[in-house]
Amino acid sequence: MASPKVAVVGAGVIGLSTALCITETCPSCSVTVLSDQFSPNTTSNVAAGMLIPHTYPDTPIHRQRQWFKETFTYLFAISNSAEASEAGIHLVSGWQIFKSTPKEELPFWSDIVLGFRPMSEAELQKFPRHQFGQAFTTLKCDCPPYLLWLEKRLKATGAQIYTRKVADLWELQSEYNIVVNCAGMGAQQLVGDKQLFPVRGQVLKVHAPWVKHFIRDGDGLTYIYPGIHRVTLGGTREKGSWSRSPDPGTTRDIFDRCCSLEPSLQGAQDIEVKVGLRPSRQCVRVQREVLSQGGVKLPVVHNYGHGAGGFSVHWGTASEAAHLVGECISALQGSSSRAKL
Amino acid sequence: MRVAIIGAGVIGLSSALCIHEQFHGLVPSLELEVYADHFTPHTTSDGAAGLWQPYLSDHGNLQETLWNKETFDYLLNHLHSPAAKEMGLYLISGYNLFTEPVPDPSWKNIVLGFRNLTPKELQVFPGYSYGWFNTALMLEGRSYLPWLTNRLTQRGVKFFHKKVESFQELFSQGVDVVLNCSGMRAGDLQPDPELQPGRGQIIKVLAPWVKHFIITHDLKSGIYSSPYIIPGTEFTVLGGIYQHGNWSEENSAKDHKSIWDSCCRLLPALKKAKIVGEWSDLRPARPSVRLERESIRLGNHQAEVIHNYGHGGFGITIHWGCAMAAARLLGSILQEKKQLASPPGPRL
């Protein structure tokens, strides 16, 4: 197969980074990204893009660690380069605080972020209702810049990007050799995965340029993440909710919770409310599959179900998915050479 | 009891506020007046980035270290007050970078979370092999000075836009005590060969992705003569110029290039940052801060001057400690003049 044609469904952080990885690991492939939504209308645009991993209950920890480490290393290099501001990648320091000391004082990623250490008594005085905390420096991927930068790099490789709603993976079989499913929440309908469920998140994006640190409550519900131009205030984790409309009561509640951690936010301006449905799963589905219908086969690589941790592991799962695409190509070349005999 | 403050930078205005807070209730006849030729946004304090950080070494001057600490603690206590945003006060973390190991600074236990940099962090800064990380405070002059001015105006303090030519000039008008907070131009009021300009130049850029201060040090060339990057609320300050004895307040193209090239080497993404301004001014440098009383004989009575100048590049860092010390000196004067039964106790 001279030039395998690969279709990547989805143009959020997972789709775009996976497509880019495929162009790098398989230069002979022709890669096309298909999606009905692009920045600024993807779930990735709602997220703050903080590199603080979410723990998936059913993915082995060493695998999650590997994904996070690869992602952090890759983004760290960009943040130190001249492209950092265009790519929207920057370092940010701050605190993760707990109302009571957590069972696990050292998360699996503590040695991957920078300067991780417990907060001192003096530092904890800023948070009178919290007993324990961790200080560290990590990275943030701001969207839209990061998604636009991925698109730009993709186009530079010759990859094509089209607006198209894919209702069924089979509709791609006639034009493409391999399909990569990065449809996020859309995978529920696209491949009928009942293990995928939404976890609704509402956030506020505000103008508060004096906020230079992130603050995250260890319960994951309240957080303040300063981006390049806006600070993301969160949030909610509403399992099973499909509502994409902002709820005003929730807005008030998020604002109050964040102001109790950072009182100066009372002076925040230009409050914008956004909602995203985290495409959640007990484990991220990075997996090869060969679909079969009436004697016709369609190799598919799945890369979805990142829930609350998409940005944190995106490059690691993209690499793994690209590797699986490579396996699909080998399998196709093996069977086509067998067919020639 | 007329007290005149000469100078409306951070030192003059904060001294005025400190004095009014402490004495207005105890000395009913107290009248405060501020005289200055420059007001915000045209003072030296307005151009400073506003980072709280003393020099690397206090050269055994423990008094100054104490004043720095008093200032930090005072500001930290205001961090959660509703006034913080208006004051231009917020927490900021960042990096101090060196090409060799150095002893810990006098302020390591004043700031929050002081620690050495890890090898991975040093990878961000090629060419630097040692450094510190800590959380400190920003107090932006462009916000703090107007805030101080508003507080003083509310309290009935009067402002006069004029260049005072001599202490005599004020005493002959009936002023009882003069607070000399004239910064770089203190020498015009009373010659002081120890006060010298430490000329600085900065470039203001838009680089809102930078969330940390980054201060490099070249132990051979001295403080602030190595690149530094300090992110504010509206723009980021790029600097690295300290020229002792240079009185020029004009921007120099050579210094611009030096700042730009060295800061872009430190943070390559700055090459894409938009330049929105440039500024030069003179740090009022002195081997130590002049904070003392001076009695001046005028005819048959004694006039009192309290000097509070020579804060170099650490005026914002030390200002409140000095304001309190100046207030204590005024307390002694008021006591001597029988305006006060006994000096007020330490400020809680």
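Yeah, the Cβs are placed from backbone N, Cα and C, and that goes for glycine too.
As written in TrEMBL, here are the features:
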- A:1-19: signal peptide (SIGNAL)
- A:5-324: domain 'FAD dependent oxidoreductase' (DOMAIN)
- A:T43, A:S44, A:V166: FAD binding site (BINDING)
- A:Y223, A:R278: D-dopa binding site (BINDING)
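Cα of A:T43 (FAD binding site) to Cα of A:R278 (D-dopa binding site): a span of 7 Å. For the pair formed by A:S44 (FAD binding site) and A:R278 (D-dopa binding site), distance between Cα atoms is given as 9 Å, rounded to the nearest Å. In this structure, the CA atom of A:Y223 (D-dopa binding site) is 35 Å away from the CA atom of A:V166 (FAD binding site). In the three-state DSSP classification, A:R278 (D-dopa binding site) falls within a strand. Taking each Cβ in turn and tallying the other Cβ atoms within 10 Å, the top scorer among the binding-site residues A:S44, A:Y223, A:R278 is A:S44. In the structure as shown, the Cβ atom of A:V166 (FAD binding site) sits within 10 Å of 19 other Cβ atoms. Other Cβ atoms within 10 Å of the Cβ of A:T43 (FAD binding site), summed over all protein chains shown, number 24.
You'll find the Cα of A:R278 (D-dopa binding site) roughly 20 Å from the Cα of A:V166 (FAD binding site). Over the domain 'FAD dependent oxidoreductase' (A:5-324) the predicted model carries a mean pLDDT of 97.
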